[in-house]
């Protein structure tokens, strides 16, 4: 079952449309809120260097996303959900989203997505997400089994990550930046100390000659008076 679907702008992780399905448990709302938060954090970590397709494991669930053009299409499923099928689903909603926005905005859908300033601006697409989610709900259906067997979606090059690795990456990068800044500061202090030490060594080496020269000049000046 596909429990959560987000479509977001990659540049700033602005949510364009979201669709969720309730979990069947006593603490379903709290649990879903936790995974929604994780999904948003994943979106905030994405940038131009992120892999175009990735699966991120989190407890009994897995987040899968596809980056296409300027958008990220992210879904959460149970771990047992076939990877080939979920990526076919994501590729399909990516095409449908582009087509629907193009129809509504006169053809230039990328410009519409890149310039929109409010979240959930394309919430109308949720109807399509719900319809598609129902169609892909049961991997054992004959139609979905046929999609799996067709092997249209190539899953061999999809990166596999863990949620802790993804969410802590930013903290590690922040620590690396802080450490690098400290090292630069210490290196600058060392460089200044080295220059000062070198100047003192040069002065100690030539100070006697300077003193003798100064004395000679002083004596010569006295004689000339």
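Cβ atoms here come from the backbone N, Cα and C positions, even for glycine.
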Quick one: sort out which of 187-205, 206-224 is the transmembrane segment according to TrEMBL.
206-224
How many helix, strand and coil residues does the domain 'Longin' (6-129) contain under DSSP?
55 helix, 32 strand, 37 coil
